[in-house]
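Among the features that TrEMBL reports, transmembrane segment is placed at 16-33, 45-69, 89-112, 143-164, 176-196, 216-241, 253-276, 311-333, 354-375, 381-403, 424-449.
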Amino acid sequence: MATSPTENRGTWNSKFGFILAAAGSAVGLGNIWRFPTEAASNGGAAFLIIYIICVALIGLPVMIAELSIGRSTQKNPVGAFRALSNNKFFPLVGFWGVLCGVMILSFYTIIAGWTFSHVFVEIFTFMGMDGAAGLLADFGNGYINAIFAILFMGLTILIIRGGVSEGIERATKLMMPLLVLILVIMTSYVIFQPGATEGLEVYLKPDFSMITGELVLAALGQAFFSLSLGMGALITYGSYLSKKENIVEAASFVTLADVGIAFLAGLLIMPTIFLAQAQGVEIYDGSGNFLAGPALIFQILPELFAQMGGFLGLTLGVSFFFLLSLAALTSTISLLEVPTSYIIDEHGIRRKKAALYVGLSVLVISIIISFNTGLIDVVDYVFSVIGLPLGGLLICIFIGYFWKTKSAVDEMKHGFKDIRDSWFTSLWSIFIKFVCPIIIIIILAQSLFG
Ligand code: PFF
């Protein structure tokens, strides 16, 4: 039975809960897997510095923009654009966001499934059950991919069915501190290992000659993906936020948490790559580059854990893949929440049903990809590499030239009275109208035609 949309929507219980949920969305495979990989293949510290600049100049302003749209309308991305302007084009931007959410979720669930299956790979390896471990670690096996994708999606649907405060907020409040704890313990262990300094040096000693146009593009793309920007995830999370809260402060916390965790993950992974090399594990591909992507996390690290052997190897291995699974889960729930909130608001379907229908539909795509994992790169390219910056660009144009930055600043004023005429809002307006769109257009043009 259809209910009124507002009856269905829900709100965050506390500011802290919202910040953890938004940070949970941001912190994911993008931080613990993709960031260290990008850093490793782009000169370590040079990438880190450019990444931080991109986050500050583009990421933070766009995050504040998305939260303002969401909180001002209390609607999903499609409804939000419709509520703020008569222009018929912009609800399509919201719809593009919903579509990006669906498509990113469809492959993200499979990679998340790999991280979860590796918890068992580590256990089976420890128990000497090499056959079972080998079976689970075989990404070419569509059935195994599909089973773990179904498991992961099932968990995600269960949390989303629980609602905003009882589902998303409660789950992330539990998972995020656990994630930080595991990450800090593992990083502290790794950086004090003899041989870790080489990795730390590559990561922390900048070699500015490494900075190229390509590196800047990679850093910007990473900023969009990692901060969950450009597809309305933060419009949706902002729509459940109370007018009492300070959007600028919340966005700053979320950004800091995201960058902080990516930095820590780099401190863990970079030395680990070199420790693995010292143990005889091959860390370069045929052309002398670091083995990146799945090979880094699912090949190099398990080999290292296996060579450490015994209970230590098991503990580190299980903790690491459990950590990745947690980080992925707090992101998949935000990816599923975007299309779910769209169905709830726009079609008046109850949350429990909406979450199930959307989740199962996305799962159909995931299962197809499970058997054709080559599609991951294609879907990733269209919907995250191009899709997210494109969405971010259109959000900036919408605020800058249609809804107007003044209206967004009025929205920020709730919960932050003194911001009205501050230097910050003038600067933010200039960024949204000019700086962010121009930089994003350059990146998009480069990646499409460069
Ligand atoms: N930010 C997530 C990560 O770093 O893994 C990925 C993501 C989640 C992208 C949610 C977009 C999104 F809406």
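Every residue number used here counts from 1 along the chain in the order it is shown.
Backbone N, Cα and C atoms are what each Cβ position is placed from, and that goes for glycine too.
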Answer with yes or no whether the transmembrane segment (176-196) touches the transmembrane segment (45-69) by the criterion of at least three Cβ pairs under 8 A, sequence separation 6 or more. no
By a Cβ-Cβ criterion of under 8 Å, what residues six or more beyond either terminus of the transmembrane segment (16-33) are in contact with it? 108, 111-112, 115, 165, 168-169, 172-173, 175-176, 179, 183, 222, 225-228, 233-234, 237, 240-241, 245, 250, 253-255, 257-258, 261-262, 265, 269, 296-297, 323-324, 327-328, 330-331, 333-334
Do at least three CB pairs under 8 A connect the transmembrane segment (176-196) and the transmembrane segment (216-241), leaving out pairs fewer than 6 apart in sequence? no
Are there residues at least six beyond either end of the transmembrane segment (253-276) with Cβ under 8 Å to its Cβ atoms? List them, or say none. 19, 22-23, 26-27, 30-32, 35-37, 39-40, 44, 48, 51-52, 55, 59-60, 63, 179-180, 183-184, 186-187, 190-191, 193, 195-200, 202-203, 226-227, 283, 290, 296, 300-301, 303-304
Of the listed stretches 143-164, 176-196, 311-333, 354-375, 424-449, the one with the highest count of C-beta pairs below 8 angstroms to the transmembrane segment (89-112) is 354-375
Outside the transmembrane segment (354-375), at least 6 residues beyond either end, the same-chain residues with a Cβ under 8 Å of its Cβ set are 102-103, 105-107, 109-110, 139-140, 142-143, 145-146, 149-150, 153, 156-157, 160-161, 336, 339-340, 343-344, 347
Using a Cβ distance cut-off of under 8 Å, indicate which of 143-164, 176-196, 424-449 has the most pairs with the transmembrane segment (311-333). 176-196
Within the same chain, where does the transmembrane segment (424-449) have neighbours whose Cβ lies under 8 angstroms from its own Cβ atoms, ignoring anything closer than 6 residues to its ends? I mean 6 or more beyond. 57-58, 61-62, 64-65, 213, 216-217, 220-221, 248, 385-386, 389-390, 392-393, 396-397, 399-401, 405-406, 408-409, 412
The transmembrane segment (176-196): which same-chain residues, six or more beyond its ends, come within Cβ distance under 8 Å? 20, 23-24, 27, 32, 261, 264-265, 267-268, 271-272, 274-275, 278, 316, 319-320, 322-323, 326-327, 330
